[in-house]
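The structure under discussion appears below in the form of structure tokens.
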Amino acid sequence: MERTTSGAGFVALGGFVGALARYGVDVAVGDATGVGTLVVNVVGSFALGLLVTRAVGPRTRLLVGTGVISSFTTYSTFATDAIALGTVAGTLYVAASYGLGFGAAAAGLAVGRGS
Amino acid sequence: MTAVPLVGALAVGLGGAAGATCRHLVGLAVPGRRSLVAVNVLGSLALGVVLAAPLGSAIGTGLGVGFCGAFTTFSSFAIETVTAAESEGRDVAVGFALGVLLAAIAAALLGAAIVRAAT
């Protein structure tokens with residue numbers, strides 16, 4: 001892991017891009033609580049599974065992994081959306097996010113390891 | 001949206017850059033999966049505060065969607081849970097995933113309660 005200032009710069013640049021892309025998905029999806037967050041979390045979990053199994057350099061890992069993908073996905077909005085949805089819908093939302101998100105991460109790892 | 005879209009988007013990007021950098025620094029300072037617990041619980045507390053606080057639209061979006069959104073992460077958490085299940089067994093993975101969930105939800109509720117008590 002690169003611990004230099006330039007390493008943090010890669011993370012910041014990736015964070016700018018990843019957060020903006022997540023915001024774009026939110027705006028495109030509209031007012032349906034939790035839908036945009038579910039989409040980014042599942043897609044991002046698959047993408048990160050692919051990335052971590054590849055022999056990429058430390059700068060690519062910081063820019064794309066720690067920066068773009070990790071900022072594209074989010075846990076805090078997932079938690080507050082689960083609260084906003086209430087007990088029944090919130091529990092279903094958590095189950096769907098965990099089930100699909102972990103499944104996507106496992107699939108990304110499997111595809112990355114198999115090729 | 002009430003904010004000018006371009007201003008909101010710029011706020012999200014800048015907040016995201018700051019949030020990702022802070023998450024990276026926590027990752028360097030705190031070893032292993034504890035850093036994921038730390039960022040996701042602290043970030044959920046912060047988002048609880050931001051959503052309950054009377055902030056302007058662009059500032060609220062930049063802090064909430066940008067900073068808190070990027071400081072916390074689901075993808076690294078999902079990879080950590082899956083690899084924990086592979087290497088340390090299902091019980092460890094379930095404990096980790098449910099522990100983060102309960103702590104993050106409690107933290108978000110606490111953040112909102114703090115703002116309500118203070119205003």
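Positions of Cβ are set from backbone N, Cα and C atoms, glycine also.
Record features, source TrEMBL:
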BINDING   B:GLY69, B:THR72  Na(+) binding site
TRANSMEM  B:35-55  transmembrane segment
TRANSMEM  B:62-80  transmembrane segment
TRANSMEM  B:92-115  transmembrane segment
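The binding-site residues B:GLY69, B:THR72 differ in how many other CB atoms lie within 10 Å of their CB, and the one with the most is B:GLY69. Look at B:THR72 (Na(+) binding site): DSSP puts it in coil.
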